[in-house]
Amino acid sequence: FPYQGSSIMLESGKVNDYEVVYPQRLAPLPEGAVQQKYEDTMQYEFKVNGETIGLHMEKSKGLFSKDYSETHYSPDGRKITTYPSVEDHCYYHGRIENYEDSTASISACNGLKGHFKIQGETYFIESLKLSDSEAHAVFKYENVEKEDETHKMCGVTQNWKSYDPIKKPSWVNLTPKQQTWPQTSVNLQLVVDRSMYAKYNSDSEKITQTLQERVNIMKEIFKPLNLDITLSVIEMWDKKDLITVKTAATDTLKLFPKWRQTDLLKRIDNDNAQLQTAVDFDGETVGLAFKGTMCDKRYSAGIIQDHSAIPLLMAVTMAHELGHNLGMDHDDTYKCNCNVCIMPPRLNTNPSKTFSDCSNNDYQKFLTDKKPKCIHKKSLKTDTVSTSVSGNEPLDDNVDGFHA
């Protein structure tokens, strides 16, 4: 990039090498038509490295459940639940014109924020938030200063297996094999603990937007599996934690699913819940989840450490742990047909949104063997609580984690 200064501090962190761009919104509306703030489709143009980038975006459909709610607590411990209108939301998926394999996941809430990928390179874009200016920064992940250089990992263990490779899917088209898979959908609840609430300066609006950005990316990640991700609830433990969130990730993973079963599921139906915490788990672990437990009334859960300010990295971590719930093992570098994918035991320095052939086969096997009913929405009543896939409680070796 043309060097724009010594460094710049953005929401994503301190960036040393970036290019200032000025996205121009293209509005092909009929004369006299009123332009909405967040149209179903939007197009922007800007220049990167002297090349014109045409960003075509479509509003993310089905990002929120019809009964989407947000819950926080009063000083005396009462639950306060609201049902905000989310129809005119600001989250998009898209592509770069004239690049066949391009992808984009963008929030247009306050300027443009997100990432796009062209010719195998991932670029991030973020508003500079300058008064009377549409200036944005475009940069690569390698140019973001890392506060912690340790390798982040998943705490899950698994047994390596041999797989027959299948064609890697694109972001739009499913392979013939995947087209035979049933359309599935995961109703996801996110729970924010007190440490994460404090980390974001008790700004519930900021936390909510941050989590919605991440789920929007998750939605794109799982699309090639014919699996839809729908956000149903964000709950904030803004006054105090309702479990003891320990630095030992395995201990926290035992406590959170129990709370989900005894408290959460009695008032709000969901297929899966993830705890979001700023507690620094022991060692290199940044995520942990039970393996093959999607739809289990207790163990369909995972825990996520808020280890990065970059939405893509956090979305990949969340997708990784959800992948374990869906029966996916860690990728074996020597047996899986993917250089950089979602399910390695260690978080890649070059984040990927692609599942390997191993993960595809694991998911297919999970659907066939476990027959998880809760993610096949058309066959279930909307007011029923998900039932267990198996009558047996998961063993310790069915716990999988992520290290970064």
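Along the chain as shown, the residues are counted starting at 1.
Placement of Cβ uses the backbone N, Cα and C atoms for every residue, glycine included.
Looking at 145-164, 205-224, 385-404, the stretch flagged in Swiss-Prot as region 'Disordered' turns out to be 385-404. Among the candidates Cys109, Cys295, Cys336, the disulfide partner that Swiss-Prot records for Cys374 is Cys295.
The disulfide entry in Swiss-Prot for Cys336 points, among Cys109, Cys358, to Cys358. Across the domain 'Peptidase M12B' (184-379), the prediction's mean pLDDT works out to 94. Within 10 Å of the Cβ of His324 (Zn(2+) binding site) there are 29 other Cβ atoms, across all protein chains. According to DSSP, His330 (Zn(2+) binding site) sits in a coil region rather than a helix or strand.
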